[in-house]
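Okay, structure first, notes after.
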Amino acid sequence: RKKMRSVSRQGPSEIEGIERRMEAVRLVSHNTHKKMVACLQGQLGTDTEKRHKKLPLTSLSQAMQEGAGQLGDDSIIGKMMEECGEAESRLATELMHHEMQIERDILEPLNQLAEVEIPNILKQRKQLAKLVLDYDSAKTRWYQATKSSNQAMAAKVDSLKDEMDDALNKVEMCKDQLSADMYNFASMEGEYARYYVLLLEAQADFHRRSLCLLDSCKLIRYLCQSTHGGVSTHSTQAPHLKNNPETPLTPG
């Protein structure tokens, strides 16, 4: 089993290398999160109903269904708009669920990584540097007291020694915590990379579901029947075409 290396045993260049990599991961994760949010068509963080309502596909669906109502059932255009509007509404629902999954499984973890986890570790590094300075200052005061011939100063040796020991303990505790967090970050890089695999998997699944929905659409089946059966789509009686015994029920 791998042993955790203490930060105190790592060279300055190695520590700086880890810091640079963490900062690079933080930056690219932040930028990716920002661009991914820009790709969403729905509003981030809103409830299901509001999210669905704000989708452009929902607006398109409503416009088509309203147009179908205005044209009436006796219009082939109206009939097609009604079928297409229903399909667009179902596509909007698929898109809404897809974007909610992206937000939950990818965007939120990426944001947590870029804005919370890595910054907290980097803050510890700055805190460690401050604690080291505090320790060096306490050590200097103790050393000066041990060399002083002033009785008042000499009387403070013990208390200054306690201050130095306390400062050293804080340094070591911070080093141990920083070491653990850096080790954990390094061990989790594979999990962080998994976010991008999840993105592609979610996109592939979304497009498969959307295609399946379109394949089952009555309008597409009707157009296929019309095309293969040689039926003109300029007719104004969609029900007549569907019921025409000469129109094939399945694509030829």
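Cβ from N, Cα, C; glycine included.
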Range annotated coiled coil in TrEMBL (choices 94-121, 122-149, 150-177) is 150-177
For the coiled coil (150-177), sequence-distant contacts whose Cβ falls under 8 Å of one of its Cβ atoms, 6 or more beyond its ends: 6-8, 124, 127-128, 131-132, 134-135, 137-139, 141-142, 144
